[in-house]
Structure formats: C-alpha cells, structure tokens
C-alpha cells in the first residue's frame, strides 16, 4: 500500500485514501508523494502532485505518474517524491542572478567583492588558521541556534534566518528518504559553517563565508556566477593559475583541490576533525554543496577521481532539497528537535571543537 507524504509538516494535508483525493488546508502549493512501503529500493518511487487552488478545503484529484530519471549533466538517481517548485520566496525563479530587484543588486555586489578577494594564498592562510579549531566548544544544536541571527547576503532566494533553511532542507529530505537518517542530519548541518559570520569566530565578512564556491590555483570557469569580476582577482596575473589544470593533475581528486574559503570547507573540517561517524558521502556533500560550477554546469569534472564520481550522486540528490525547499513555510522547531537531537547524539560527540 502506498503512503502519502507532504513536503512540509503533515498537518497541512488531509488525504482521503478511499477516493484518492487530498484536502488542502494551506495557501501555499502542497506537493504530496506516494512512496512504496518497501524502502529497500530507493529508485522504486511514484510521485503525485497537488496544486494550490483554494485555501478552504478544496478537494483535488490525484494524478499519478512514474518518476523519470533526473535531467542534467550529473543527475544519476531517479527523482524522489519531493516535487520542486519553480518559484523562490521572492516570487522569482531560483538562482536567477539577472532578475531586476534590490536583492539582486546586493547579491551581485557580494559576488564582485568575493571574486576579487578569494585568492589561492588567502584560502591557504584561512584553512591553516581555522583548521586549528580553537575558537569555541559547543554542541551541534547550540551551533544551529547561533544561526538564528544569520542571513546569507549571497542568496537570491531567501532572506530568512539560516536555521529556517536548515530545517526546511532536512525535513524535505526526511520525507523522501525516511530511512537515510545520515542524510537528514546532513541537511540540518550542511550550512553550520556560516557561524564564521558570528563575532565568536572573528565575524568574518560575508564574502569569506557564503556564496558559490570554486577552485583556486586553476582557471576560473565561465559558468561561475558573475564570472566577469574575476578580472580584478590578483590570481588572474599568475600564468599557471590560468590554465585548465593549473597546479593540479587531471583526475587528482577534489580532495586535493584548494576551494574558495567559506562555510562549506569549514564545516567539513569541523565534522572530520571531531571524529563524526557520518559516511564520507555526507562530508562530500557538506564540502561541495555550494560548488555549483561542478554539480550544475559540469565544470571541473576533469579534476575528479573515481571516489568523487560516486559521491557526486548523493550531492545531486541533496542539491534539489538544499535549493528548492527554500520558502516562507516555517517548520515547528520544537516538534522536530527531539528527532534531530537523537541523530546528533548518534553521529557526533556531545561537544565539538570549532
């Protein structure tokens, strides 16, 4: 028997299994999915969508369809039951960096400054400094709560506190992959490195913490957002840094590539050095989830090794939830907190060095 699941907390939806209809009780679009009760085969899934038409208990007929494979360069697995939206929290397309708005102007200015200042030498210095993990000791959940005051200036799709995005991502994954608890926790913690913006961590500027990431020490690919501003980056004057492979060898593996400094690499270091028992795929997702030139545009694949090619499958699965779960729908923190505390206890020590 199929089981209906809503994109956001179940109280928004009432499903009548006898006549295959759904009662919508929210103003926002609701996506509902049918998952085979046998979760051993994650590729065996069917998807159903319900579109918003009226907030007063409208009955909507179910239209079932077999889910097809991902579209795009690296989309390997079949789609899960989470149906993506085409509209972000501002009523615009996701990652539309050309839309005319005040938010977009500030985002472009962010990338101008980021592209000028992120250099090979700068990243080397920052990894050495913050790799010491001597700033503070605290739990994963304490870190989540610190993000209540953090807004990502590089994000064209959301201006809510970051803890909202963490829970939206984790809960959306949880609906589609109920048995992959490590992936739920990855959704919750993937952006915790943004605490670098907090005064306890030196209050780094936004350009040194957030935004799309990219390799240093080799040519800047044109698929990188606002690529034009790299012309002012000092590394542009280094002949070796402006070749396809740069200082790397083809197939060397992304682990050997110096990435622009920010929350991705920092959280990877925190998790790894504190002895997390999360699978390596989780660390890969955390470290490269902002590397859109790779997982969206297919750039820099010549630097990947076989292990990277396996792990990017999970990164592509994760990216859908990271990007398209952003909305103004709030998650009941107190309701889901006990579940995530149990995962934190399972995969992390009580206190971590940051």
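Note: Cβ is positioned from N, Cα and C throughout, glycine not excepted.
Per TrEMBL, the features are:
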- 95, 152, 153, 154, 194, 211, 212, 289, 290: substrate binding site (BINDING)
- 165, 190, 191, 263, 289, 322: Fe cation binding site (BINDING)
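All features noted in TrEMBL, drawn onto the structure.
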residue : record                 : CB count, 10 Å
165     : Fe cation binding site : 26
190     : Fe cation binding site : 27
191     : Fe cation binding site : 25
194     : substrate binding site : 27
212     : substrate binding site : 22
263     : Fe cation binding site : 27
289     : Fe cation binding site : 24
290     : substrate binding site : 26
322     : Fe cation binding site : 22
*Provide, as an integer number of angstrom, the distance between the C-alpha atoms of residue 322 (Fe cation binding site) and residue 290 (substrate binding site).*
10
*asked:* Cβ within 8 angstroms of the Cβ centroid of 165, 190, 191, 263, 289, 322: which residues besides those meet this for the Fe cation site?
replied: 166, 169, 194, 264, 286, 290
*Nearest to residue 194 (substrate binding site) by Cα distance: which of the binding-site residues 165, 263, 289 is it?*
263
*Alpha-carbon distance [residue 263 (Fe cation binding site); residue 212 (substrate binding site)] in Å*: 10
